[in-house]
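Per Swiss-Prot, the features are:
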BINDING   ASP431, ASP553, ASP554  Mg(2+) binding site
DOMAIN    359-602  domain 'Reverse transcriptase'
REGION    1-179  region 'Terminal protein domain (TP)'
REGION    180-348  region 'Spacer'
REGION    226-245  region 'Disordered'
REGION    349-692  region 'Polymerase/reverse transcriptase domain (RT)'
Amino acid sequence: MPLSYQHFRKLLLLDDGTEAGPLEEELPRLADADLNRRVAEDLNLGNLNVSIPWTHKVGNFTGLYSSTVPIFNPEWQTPSFPNIHLQEDIINRCQQFVGPLTVNEKRRLKLIMPARFYPTHTKYLPLDKGIKPYYPDQVVNHYFQTRHYLHTLWKAGILYKRETTRSASFCGSPYSWEQELQHGRLVIKTSQRHGDESFCSQPSGILSRSSVGPCIRSQLKQSRLGLQPHQGPLASSQPGRSGSIRARVHPSTRRYFGVEPSGSGHIDHSVNNSSSCLHQSAVRKAAYSHLSTSKRQSSSGHAVEFHCLPPNSAGSQSQGSVSSCWWLQFRNSKPCSEYCLSHLVNLREDWGPCDEHGEHHIRIPRTPARVTGGVFLVDKNPHNTAESRLVVDFSQFSRGITRVSWPKFAVPNLQSLTNLLSSNLSWLSLDVSAAFYHIPLHPAAMPHLLIGSSGLSRYVARLSSNSRINNNQYGTMQNLHDSCSRQLYVSLMLLYKTYGWKLHLYSHPIVLGFRKIPMGVGLSPFLLAQFTSAICSVVRRAFPHCLAFSYMDDVVLGAKSVQHREALYTAVTNFLLSLGIHLNPNKTKRWGYSLNFMGYIIGSWGTLPQDHIVQKIKHCFRKLPVNRPIDWKVCQRIVGLLGFAAPFTQCGYPALMPLYACIQAKQAFTFSPTYKAFLSKQYMNLYPVARQRPGLCQVFADATPTGWGLAIGHQRMRGTFVAPLPIHTAELLAACFARSRSGAKLIGTDNSVVLSRKYTSFPWLLGCAANWILRGTSFVYVPSALNPADDPSRGRLGLYRPLLRLPFQPTTGRTSLYAVSPSVPSHLPVRVHFASPLHVAWRPP
């Protein structure tokens with residue numbers, strides 16, 4: 001029996017020299033409220049109101065009033081993203097691989113093809129809030145690093161770029177729902193004056209890069225500024241035409257290309273064909289001599305200028321007037337000091353495009369030039385500080401009026417995980433690179449998930465105290481130099497070494513929407529869990545003699561032998577690659593027979609916490625002060641750590657109840673030396689959580705408030721309590737007696753609280769003792785009417801109810817491991833091919 005009762009009494013200072021009686025007498029005493037109160041006073045557990053100042057730091061745990069200053073690393077590398085494109089016909093591909101899919105798998109895969117996110121309310125924030133001033137001392141560096149990260153994501157096809165209110169561009173391969181289809185092709189009609197030629201029609205409905213300019217641009221709407229001339233060659237099919245074509249287009253939206261906030265006083269995105277800025281040189285003047293340009297000034301001071309160029313002219317590096325671009329204005333202005341930005345701008349002739357456009361353009365719902373969340377950079381993870389990670393804050397969808405309730409999904413609990421994975425298989429884990437960015441998002445969700453930036457000029461102006469943003473005169477010469485400062489100049493000079501001409505590109509405003517699911521939204525983990533669990537379900541059915549399991553982006557494969565595992569690895573890797581799932585082969589880990597997963601080590605003997613967690617716990621106890629009140633926020637962090645390992649201790653969660661109580665009361669907690677010693681002893685020896693075995697229940701327990709009864713095989717026992725007890729307490733005591741009398745690992749009971757194995761609501765001492773006694777016991781529910789122990793508990797020993805045949809099947813929780821599936825047709829070839837086309841990195845020792 002696991003509990004030495006005297007030992008428990010000594011541990012909790014209950015022993016006053018008297019010899020402990022039998023368990024049936026002693027255990028009910030632990031439920032006594034008076035004894036629990038005395039022990040709490042002895043251990044100083046209940047004294048929450050203290051006058052001594054609280055301690056706000058214990059080891060690495062910080063509590064209230066502590067601000068950890070984030071550290072910015074100017075050397076951060078932006079991680080590279082593979083060209084991730086999940087195959088659209090993923091369901092068909094899975095069916096070719098494994099035969100018909102189950103309803104469950106189909107439903108999950110349809111959820112993510114494409115994912116949809118349509119909240120009822122969305123708050124739009126000004127572009128200035130797009131990049132958070134998370135590092136006040138490194139504003140400019142952080143701005144450019146973040147812009148570079150966003151540019152990388154856009155290039156990798158993870159973001160859309162807002163081009164106009166109703167159109168966006170992106171890179172990478174398009175999905176069918178991203179095409180603008182009109183009878184199977186994209187058709188834009190010009191006005192009657194040019195005849196009814198429909199141009200730019202490509203059967204696929206996807207615009208190629210070469211024709212992108214004119215098509216979208218032909219939709220230039222009539223703005224408040226009056227009619228604008230239209231630019232450029234009509235289509236790639238009519239290369240010779242040049243000159244200015246005034247297209248009469250439908251007056252609907254007021255703004256076209258720029259994303260400059262409407263109050264900022266100028267629209268600075270030129271509408272250009274090859275989307276690049278000109279060389280400010282003689283070439284420019286030569287090329288511009290034969291252009292017809294038109295410039296109109298509006299009452300509000302907006303200047304908008306469009307040019308028309310022959311496609312092959314020398315000036316196809318065209319752009320709007322220099323005056324519309326904050327960066328290039330410095331070229332023609334007099335330096336205001338030795339730290340004037342004009343020195344930097346004059347360093348190179350060609351600053352590249354003001355604006356880049358993607359390979360494909362699509363229609364989107366009306367999208368304002370605003371953001372719905374801010375972004376900033378942090379270390380990729382505590383072990384990798386060389387690379388950065390983008391944090392996207394869409395917290396508006398978790399609070400206030402814009403709150404969205406996220407779908408719940410099952411997380412395997414410790415016992416289910418052990419039942420499932422504790423086996424004598426050889427394991428490896430796969431690393432899915434950028435797992436979230438595999439799942440495509442419908443373009444209609446774009447207006448709700450916007451990130452971006454207002455451009456360097458406004459960002460710097462907003463943060464520097466000496467300059468005001470004046471709506472009516474912003475962008476004019478007198479305050480162009482307001483942003484010049486030594487700090488900005490030095491930062492930009494250093495950044496110029498890294499980014500070169502891209503400094504100009506990144507200094508323009510931009511609005512981006514997500515094309516794949518972002519990490520900062522509660523929907524994403526749910527979708528990722530659905531996706532990987534469906535894929536694993538398919539893999540398990542294709543290889544019934546192996547085990548594949550996933551939690552989020554952590555996928556593990558188990559097989560009987562190492563050779564078998566490697567063959568399985570090859571086959572599964574090929575299958576995942578064919579679906580468009582990107583694996584990182586360098587991060588594939590081969591664990592052998594004990595698997596590291598979700599913070600646990602799982603072997604055939606059961607489950608234990610991983611070593612780094614055990615070390616953290618030891619460190620925590622070393623640093624834990626006694627007789628000093630510890631702030632409840634620190635206690636919360638301590639409980640988080642200890643709670644993870646609690647199932648591996650003898651007393652389990654109930655031992656932490658005094659700490660939980662103080663956190664709930666938001667009071668400080670003082671560790672007495674005895675309580676600290678008790679906890680420390682609990683956590684120094686961790687016992688594995690073993691796998692439950694199926695079996696037949698032979699032992700039953702039942703209780704009434706006044707007595708208890710047991711049925712052990714054909715033997716019946718009964719007893720009475722000294723005083724009536726609450727029914728749940730009585731049932732728990734009966735279960736403890738059944739375990740200690742019979743040693744059975746399987747007990748039948750009709751009480752749901754005992755079945756749940758959560759003993760935190762009982763009197764503290766009883767909860768600890770019961771957890772100790774019942775550790776490793778499995779319970780089976782038996783209805784009261786059929787419970788053989790029912791009669792003995794009511795004091796009737798003469799009546800024998802026949803023993804039930806109650807089989808026990810260990811549960812794997814709601815991890816829906818084996819979706820019930822139609823049988824796989826027998827003519828499918830066996831799928832583990834030993835002669836693999838993929839070379840396995842593993843070599844025999």
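Including glycine, each Cβ sits where the backbone N, Cα and C put it.
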Can you tell me the mean pLDDT for the region 'Spacer' (180-348)?
45
Restricting to the chain of ASP553 (Mg(2+) binding site) and a gap of 6 or more, list residues whose Cβ falls under 8 Å of its Cβ, or answer none.
ASP431, VAL432, ALA435, PHE436, LEU528, THR532
Protein Cβ atoms within 10 Å of ASP554 (Mg(2+) binding site), excluding its own
16
Name them in sequence order: residues not among ASP431, ASP553, ASP554 whose Cβ is within 8 Å of the mean position of the Cβ atoms defining the Mg(2+) site.
SER429, LEU430, VAL432, ALA435, SER550, MET552, VAL555
What count of other C-beta atoms do you get within 10 angstroms of the C-beta of ASP431 (Mg(2+) binding site), across all chains shown?
16
